[in-house]
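**Student:** This is the structure I have questions about; it appears just below.
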């Protein structure tokens, strides 16, 4: 049996239970204390919030009062000034407007902070008081509920204690009865054993005596056994009874124990959480959230109100405008700034002569004085113009200084954890930088220089004004027909144009023609002032009836040409826009809808004479064309209107010049943009029109061009017929590369796209269609197809007629070496083409020449494996044939001459002949013989053939030169024959390479350069080929073709001697 010492005694069990209960009771007490402490913290927090917002309300109120005092202090000064009377009409200067808005913002902030203080006191603080009262009341009720739950829990624990003691008592009685029962059983066993032993020890003496003894002993044993059995039975019954009671008590104890554990778990896990959440915190956080959101709403609305005021101030700062302020100032003090009445002649003592006397003997003196004034004025104007340019440059420097963007102080408001870093950031402001002193010194020095130049300019202008007035009066008095003033020169020019019945005056047509050819991309055209000396020279030439801008010369300053055009319109005696329609036109500007504005402007302008409308239509079409290049020339319609507004439409006297000029500029801008909708079309109003794509044809037909012979006239008529035929039959082309148009006129397409070509618009462009849209197509990005020989070119009309009138050329034969599969006798083909070029008669008139590109003679003579040949080189004014001629070799021949042949064959006259049906067949036949009949030849024989053919061609060319009575044309053979003997050896290759991939050596001598007349006339010199690479994969052109520019064909470059070769119009290729 197990020793009883190993089991806990009742006292130990009771002591442990009591200790556990005491711990629970102490924990419950601490829970109440913790909740009490939490309630006190909430009350204290709410009290602190009330005190905080009460103090903040006081601060906001004080801040509001201070802001109001600040605003009233300065508003009182503003009310006392005269500017206040204009405030109702909003007729205040922009800085004053900023100042007024700043004061209004201060007053607005004052009102907002007063409102904020009132919200703190009457809204937010009462909310916190209410939350505090509700929290305390709810906590008391929550504490009562918690105390009741704790009492119930302690009651359960006491019940468990009672059940446990009952279980211990019954279990002890059961154990005691069990021990007694076991003791009775032991006695019974002991008694039975004792009886057996006594019977064994006794020996019987006589039968009678033995029987008596046995009877007595049996009687004694029976009585003792019965007693033991009765005692055993009693103890057995007692044990059974006590055992049953112990089992029942244990069951009750286990049930009570489980219930107690469940109650404890429920209290700690559920009841406490419910008491805190649903009793103590009931509505506390929600009420606090509402109160704080009220604070946030007030602050955010305050911030929004402040931002609205700051936005108004920012808008006023953006509208700071010196011009508008000047206009308002003059309007406010109109009596002060209006010009005084003119001084009238006051006769003395009855002298009524109020005009200059130009009779003898003072006439000669007046003439001499006028000449002196004229000379003096020319000098002064030039000097004053230079001073003006210097002054404007200095003014721009000052504006750059004062407009530097150094106002961003966002770095000073970066978040920082320490106040020291904030202070260091704030200390490094703009005003504390060391460079501010130097900057201020530079600014003051620049300002001093500017005012010096301004004073000098104004003094010079005053002197010019006085001398000009005297000169004009003398000029008027003397009655001379010619004046040096630009305005009178333009009037005389206008009279001559009207007398000659010309719709567009010469000066207008010539200047626009020159600018449209050479100056569409000139930056600042019409804005930058030109040279006064050159302006006077051009003006004098027009006065004499000459056209100084005729031909293809480009040695004039573009700004000077633009200045001449502006001065012409400025000096018209009868301006294009008469003053009697000034108010009607200005009224149209007030319309917001651009289309309606154009309609009304059209109605006003239709009352003008037809000659004036024709000139307007021509001029504004040109200005619209010019504005389309604004990305390069920086002259959009608005900038052009600023430059042309004062010249075309002057503000009548009695009107404010500043305010009216802005409306004039807007009017001119509208006419430039909507010129097609404003002016009548050619059907409604007959007369010349400005043509963008083919304007040179109009120039060629001008009466100011050179005389056109009857032969040329016949050719022109026939050329027009052929051109129309070409336009009626579109040509199909395939795109070689992807192209993205840079303007609305240029078409975009993908590689392999099918294109329809109508006609050649220029050297680099076709007019065609793609996906139903008409526009310009770059020639270098397409492959033109034809049904006859796969290649077609649209040449100029003149060249086609010349080809028809010439007999077919002799077929060219060539011999090739076995080692040169793609090479022919280059010299034969070259000389044959030179003969064609020499036989072309020159014309004295200005013609429009279109260049054929890579599908001319050069491409027909080269291998089809290199499609880029002849498509990417520019002919020079001094070709060097010796660098491209083949040199004999023992086992190989050079084909570098193909590049030279291709370049020369691209001359407009030569390639146009090759495009005609007769010559095309001849070229095809010659090509088949020279390139397909490959017979092995000795290199020495080839060299001898070249020399013999060259000598023969030289004799023929010299004979033609002697017979020709036209102007000498530079002889290509004579110019290139001598370099032929000393030309460097060019490494041959098996096939020609595209000029796009050809590397060029540096010229030993600089090539003749043409003046920068136009992008289409730029030429580069032929250079020796350094190395000819193998045929590379076809790539897009190195540079995009430039927009359409129409070059001339009869001009020579300045500075080129008579031996230079004719300029080619080829510009499609870049090396």
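Indices start at 1 and increase along the chain as displayed.
Cβ coordinates are placed from backbone N, Cα and C, and glycine is handled just like the others.
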**Student:** Quick check on the record annotations: which of 64, 176, 427, 435 is tagged phosphoserine by Swiss-Prot?
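**Tutor:** Annotation hit in Swiss-Prot: 427.
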**Student:** May I ask you to name which of 206, 1061 Swiss-Prot has annotated as phosphoserine?
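**Tutor:** My reading of Swiss-Prot gives 206.
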**Student:** Among 375, 691, 805, can you tell me which residue Swiss-Prot lists with the annotation phosphoserine?
**Tutor:** 691
**Student:** So which range, 181-211, 212-242, 243-273, gets flagged region 'Disordered' in Swiss-Prot?
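**Tutor:** In Swiss-Prot, the region 'Disordered' feature sits at 181-211.
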**Student:** With the ranges 285-323, 324-362, 363-401 to choose from, which does Swiss-Prot describe as coiled coil?
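**Tutor:** Of the candidate stretches, Swiss-Prot labels 363-401 as coiled coil.
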**Student:** Please find, within the list 766-794, 824-852, 940-968, the residue stretch that Swiss-Prot describes as coiled coil.
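**Tutor:** Spelled out, Swiss-Prot records coiled coil over residues 940-968, not the other listed ranges.
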**Student:** For the record in Swiss-Prot, which of the ranges 655-678, 703-726 is the region 'Disordered' one?
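**Tutor:** Here Swiss-Prot associates region 'Disordered' with the stretch 703-726.
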**Student:** Could you tell me the mean pLDDT over the coiled coil (363-401), as a whole number?
**Tutor:** 90
**Student:** Relative to the Cβ position of residue 691 (phosphoserine), how many further Cβ atoms are located within 10 Å?
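**Tutor:** Around residue 691 (phosphoserine), other Cβ atoms within 10 Å: 14.
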**Student:** What is the number of residues in the domain 'SH3' (728-787) that are helix, strand and coil, as DSSP sees it?
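**Tutor:** Helix, strand, coil within the domain 'SH3' (728-787): 4 helix, 30 strand, 26 coil.
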**Student:** Where does residue 691 (phosphoserine) sit in the DSSP three-state scheme?
**Tutor:** coil
